[in-house]
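**Q** TrEMBL lists these features:
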DOMAIN    11-442  domain 'Major facilitator superfamily (MFS) profile'
TRANSMEM  12-32  transmembrane segment
TRANSMEM  56-74  transmembrane segment
TRANSMEM  86-104  transmembrane segment
TRANSMEM  110-131  transmembrane segment
TRANSMEM  143-162  transmembrane segment
TRANSMEM  168-189  transmembrane segment
TRANSMEM  252-279  transmembrane segment
TRANSMEM  291-310  transmembrane segment
TRANSMEM  317-339  transmembrane segment
TRANSMEM  351-380  transmembrane segment
TRANSMEM  392-414  transmembrane segment
TRANSMEM  420-438  transmembrane segment
Amino acid sequence: ERCRRTAKVRQFLAAFLASLLGFTSGSVTGWMSPMQPLLMSPDPPVGTDPMTEDNVAWLGSINFVGTVLGSFFWGIVADSWGRKKTACLVAIPFILHWILTIVAKNFYWLIIARLIAGIGNNGAVASVPAFISEMAQDDLRGFFGSFYMIFVNIGMMYSYVIGTYFHYYGLSIACIVIPLMFLLTFIWIPESPIFLFNNGQTSDAEKSLFWYKGGDAVEAEKVLSTYKHQPNSKNNKLSVMSLFDTRGTTKAFILGLALVISSQICGITTILSFAVNIFEMCGTSLTPYHSALLLGAMQVVFTCSSSCLVDRLGRKFLLVTSMTVMSFSLAVLGTYLFFLHGQSVDSVFRWTPVVSLSVCVSAYAIGVAPIPFIIIGEIFPTNIKGYAIAKLLLVLGTSAFIIVKCFPIMKSLLKPHGLFWFYAVFSLLFSIFFYCYLPETKGKPLSEILRI
């Protein structure tokens, strides 16, 4: 019993520290919302002239170009060097990003900084979910797997709060502390035992398992024996075709594509990046800044709730339900904006944007945010997991860049109400797709999941 408690504590510690990279990633995304009005003000903190809407759109989207660039090497690094070493390396671009943000002289310095941060974002997702899924015991894998997105959302809330009440430099200094803290602590955590075993380091894998199992040698040996039944051939010559070698990996990659595309085409990255701007457009009863803070708070609360529900209700149920609720709330917001267009709205209904977006973000946080990262950490064989996740991140980054960069263009072409109806329709379509085709992985050993 004491060993089991110790094992849970150690696994919790490892997941917590690894997820600090998620916190850092979230703070980078959340930075845009409170900083946008400052950068567009007559007296901006960077440069001498106010930034244009197009400048801000580039700042909000360029980090996703970095995510695409990172997809060409982080997956290979994670599969060759290990999840832990890769995660430690990822802290470096984040630290560099915040240093450049602090010393930035003009718009182009910020573009370079956020491009570098995007490269770090890719590395974080290529290493952390895989690390957590491989070191956590089966009955807690979903719980610990949700930590990454919980910390992303806490990081966004952190930027919302600090950015609302402190100046540009105060926010950047407060944010650089997190990757530094991660680097100083996570370096002491053992590597993923599955990675070590599949790379021929059996002795190190035994030591790692012994630590993660709370010093229970019998349990560690039992788990080690199960690794022999998992696909574990090391492959140093991975290519895109490696993702289609078997029916299982092909199905996994198609599901992964659907998961990452759906997480962006629902419009959530645009909403979170430009929350203050969207609330200004909607004319809410609350101030735009306080409305954005409310969104951040709802996101944190409901992502934390998902960590308790994901191993009880299952991945599929939470994902389908959350996407359906998002579709409904986005449709309501679109309808409000349709009636708002060109005329005033009764003060009673001015709460509609706050309520609709709060429901949307809450639904996202409880399912669409954490579930894709949990599932893609479970459905690929260890030898191609990092590579597969990196390629999915290429698609994720490309999708996010297009959605965020095209926000002003789509808002102009479709009008605000049409844009949110667009998000609502695709959310509903993906909800139906996942209901029909997504298998449930709750509580199943990784070896069994790979045979689904």
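Cβ coordinates come from backbone N, Cα and C, glycine included.
Just so you know, TrEMBL annotations are computer predictions that nobody has curated.
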**Q** Sort out for me which stretch, of 110-131, 351-380, 392-414, has the most Cβ pairs below 8 angstroms to the transmembrane segment (86-104).
**A** 110-131
**Q** What else in the chain is close to the transmembrane segment (317-339), if you only count residues 6 or more beyond its ends and a Cβ gap under 8 Å?
**A** 262, 266-268, 281-282, 306, 309-310, 345, 349, 352-353, 356-357, 359-360, 363-364, 366-368, 371-372, 415-421, 423-425, 427-428, 430-431, 434-435, 438
**Q** Are there at least 3 C-beta pairs under 8 angstroms linking the transmembrane segment (291-310) and the transmembrane segment (168-189), leaving out pairs fewer than 6 apart in sequence?
**A** no
**Q** With a Cβ cut-off under 8 Å, give me the same-chain residues at least six positions beyond the ends of the transmembrane segment (291-310) that come close to it.
**A** 30, 33-34, 142-143, 145-147, 149-150, 153-154, 156-157, 160-161, 164, 271-272, 275-276, 279, 284, 318, 353-354, 357-358, 361-367, 369-371, 374, 442
**Q** Let me check one thing: do the transmembrane segment (110-131) and the transmembrane segment (12-32) come into contact, meaning three or more Cβ pairs under 8 Å with sequence separation of at least 6?
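**A** As far as Cβ distances go (cut-off 8 Å, pairs 6 or more apart), the transmembrane segment (110-131) and the transmembrane segment (12-32) touch.
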**Q** Top stretch among 56-74, 143-162, 252-279, 351-380, 392-414 for CB pairs under 8 A with the transmembrane segment (420-438)?
**A** 252-279
**Q** Within the same chain, where does the transmembrane segment (351-380) have neighbours whose Cβ lies under 8 angstroms from its own Cβ atoms, ignoring anything closer than 6 residues to its ends? I mean 6 or more beyond.
**A** 125, 129-130, 132-133, 141-142, 145-146, 148-150, 152-153, 249, 252, 255-256, 259-260, 262-263, 266, 268, 271-272, 275, 278-279, 282-286, 291, 294-295, 298-303, 305-307, 309-310, 315, 318-323, 325-326, 328-330, 332-333, 336, 388-389, 392, 438, 441, 446, 449-450, 452
**Q** Under a criterion of three or more Cβ pairs within a distance under 8 Å and sequence separation of at least 6, are the transmembrane segment (12-32) and the transmembrane segment (392-414) in contact?
**A** no
**Q** For the domain 'Major facilitator superfamily (MFS) profile' (11-442), would you mind checking the mean pLDDT of the predicted model?
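**A** Here the mean pLDDT over the domain 'Major facilitator superfamily (MFS) profile' (11-442) amounts to 84.
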